[in-house]
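Over in TrEMBL, the protein carries these features:
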- B:26-136: domain 'PurM-like N-terminal' (DOMAIN)
- B:ASP28, B:SER43, B:ASP73: Mg(2+) 4 binding site (BINDING)
- B:ASP28, B:ASP73, B:ASP209: Mg(2+) 3 binding site (BINDING)
- B:THR44, B:ASP45, B:ASP120: Mg(2+) 1 binding site (BINDING)
- B:ASP45, B:ASP73: Mg(2+) 2 binding site (BINDING)
- B:HIS52, B:ASP260, B:TRP314: substrate binding site (BINDING)
- B:GLY119, B:ASP120, B:ARG144, B:SER211: ATP binding site (BINDING)
- B:149-299: domain 'PurM-like C-terminal' (DOMAIN)
- B:ASP212: Mg(2+) 5 binding site (BINDING)
Number of protein chains: 2
Amino acid sequence: MREFALIDEIRSRVSNTRDDVVLGIGDDAAILAPRPGHELVVSTDTLVSGVHFPPNTAAFDVGWKALAVNLSDLAAMGAEPAWVTLALTLPEGSPEWPLAFVDGFAALAAEHRVALVGGDTTRGPLAITVAVHGFVPRGTALRRDGASAGDAIFVSGTLGDAAAGLAVVLADAFASRPERAALRARLDRPTPRVALGLALRGVASACIDVSDGLAADLGHVARRSGVGATVDVDALPASDALRACADPDRRRDWQLRGGDDYELCFTVPDDRVADAERAAAQAGVPIARIGTVTKRPGLVDAGGDALAPDRAGWDHFA
Amino acid sequence: MREFALIDEIRSRVSNTRDDVVLGIGDDAAILAPRPGHELVVSTDTLVSGVHFPPNTAAFDVGWKALAVNLSDLAAMGAEPAWVTLALTLPEGSPEWPLAFVDGFAALAAEHRVALVGGDTTRGPLAITVAVHGFVPRGTALRRDGASAGDAIFVSGTLGDAAAGLAVVLADAFASRPERAALRARLDRPTPRVALGLALRGVASACIDVSDGLAADLGHVARRSGVGATVDVDALPASDALRACADPDRRRDWQLRGGDDYELCFTVPDDRVADAERAAAQAGVPIARIGTVTKRPGLVDAGGDALAPDRAGWDHFA
């Protein structure tokens, strides 16, 4: 399939009904109408085959994940998604792969009313770069640098599932367990916590998405905020699937250091904890309190032992 | 060099002094302040080694070109560049290559006061994706769909040099000629015509940048505008270097069908031709009148023979 034919096909599969798209795909650039009184929030992430997803991942799931990891960055800022660009580098091959990819991308885009406003398709080793754009009312974005000593630390959903899913793919782990598919689905088709991010505006003091692993990502918040954290490792939320498959040591390691969960980790001033719990309930996302922000730098567990990740983050599975 | 160290190095080399960057690199996303009364113009382009630039291209030049081809899209819209994101996929290797790359990128960014507001570095086969953001006063963007029968057609600078430069690289062409370096420089370090694009707002009826070759790109304008064009092939501008190296047939083919020149091709209503010439003079960019927009679809030369590109565009050197 030639470049122009593929772009036409992509345009026909991704609907773009947003009033703020003045001119979409088809010119040298898109023309967009930013929302008055709002700031624009922009992030970009690349997915490389064999680095960010196993090469045998279904094309639909790669498309989904490419958008999901970018929407997750907007979620962590409390931003409402609006527009996205997609740069797709594809090896020679049948058009089935890119079309299934686009279907996965389009399914998640439709769920969040995101318009595809620009793209580029090139030939080369499989890689996808997405740039995503969203809005926050001026001054309300959730940042990494707002945590203060005494704030409560929360995390959404469950941790460690994606790392367990990766073990399923790479090491054929838990061969006899029925939970394998559920764990792999958490790796391949993450859920960006957009509604939770929106609900936490004006409530959370700092926020980040858990892409590199909780210890690494909470470490980013702590460093940027000039604080530290005590983490109650026993309070880290785990799915039933993870509990059923992994022994406690392995589970805890994945919950602390596994990447690709795309949950939100956020801090809340002590007097806003009830508001945060209400906001999460409204967003329909379970949250768990996992620790407290401390004046003293560094991450420690409830016993005071250092929680420094033994690797500086997930760094994917390279 | 680890990912975080490289990002720090990039941040230190690309200056980001713009009032409209509320929060730059270092959080989950950038926070940006769009300009009131303006529309946002967004484009993205990927460069893959061996597809969009010869593998032996100097790292500095790859960095320059990665930004230049994106700024060229903004130029074609008449937009003023503001912000850029950079997704860099790098094979394992010494940090010298990425740092020289960033220097080339930063040199052009500084020239256009573009702030690097987001990025991602990943390991994998060398590829670069840039998303660029600029502004136009509401309703003033130059588009492809505004050409009308009778409009004059212009092109900036000279055409065919980059194709000749590619022949130098790939086929060791013009072995004895001193102009080789100049031709290769046009391939490796294109000049985005940003000032010309700005000057043409309110004057040009349609505009595109010449990335796929004049015939292909003017064809895009004609199709989107529902018109055709007569092109005076003898009027296509050529550099002295190209004239010195290439015989007339080859030269004409490159001028019509060679890609990567990143000049602007634009149409101007007959009664605004003097304004266009004045605007180009003010922007300091030579322009040449190369033809006329026709009611009848299709591209023909002055003798009425079809000018359909024998390939559907440059499609790079794949």
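Using the three backbone atoms N, Cα and C, a Cβ is placed for every residue, glycine included.
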| task | May I ask you to pick out the binding-site residues among B:ASP28, B:ASP45, B:ASP260 with a CB closer than 8 angstroms to chain A's CB atoms, ordered by sequence, or 'none' if no residue qualifies? | result | B:ASP28, B:ASP45
| request: Determine, using Cα-Cα distances only, which of these binding-site residues is closest to B:ASP260 (substrate binding site): B:ASP45, B:GLY119, B:ARG144. | output: B:ASP45
| field | Maximal Cα-Cα distance (Å) across residues annotated as binding ATP, namely B:GLY119, B:ASP120, B:ARG144, B:SER211 | value | 32
| query | When the Cα-Cα distance from B:HIS52 (substrate binding site) is computed for each of the binding-site residues B:ASP28, B:SER43, B:THR44, B:ARG144, B:ASP212, which gives the smallest value? | reply | B:ASP212
| task | Go through B:ASP73, B:ASP209, our binding-site residues, and report the one whose Cβ sees the most other Cβ atoms within 10 Å. | result | B:ASP73
| Say you check the Cα of B:GLY119 (ATP binding site) against those of the binding-site residues B:ASP28, B:THR44, B:ASP73; which is nearest? | B:ASP28
| field | B:SER43 (Mg(2+) 4 binding site) CB neighbourhood, other CB atoms within 10 A | value | 27
| query | Which of the binding-site residues B:ASP45, B:ASP209, B:ASP212 has its Cα nearest to the Cα of B:ASP73 (Mg(2+) 4 binding site)? | reply | B:ASP209
| remark: The average per-residue pLDDT within the domain 'PurM-like N-terminal' (B:26-136) comes out at 94
| task | May I ask which of the binding-site residues B:SER43, B:THR44, B:ASP45, B:ASP120, B:ASP209 is closest to B:ARG144 (ATP binding site) if we compare their C-alpha atoms? | result | B:ASP209
| task | Measuring Cα to Cα, tell me the gap between B:ASP45 (Mg(2+) 1 binding site) and B:SER211 (ATP binding site) in whole angstrom. | result | 11
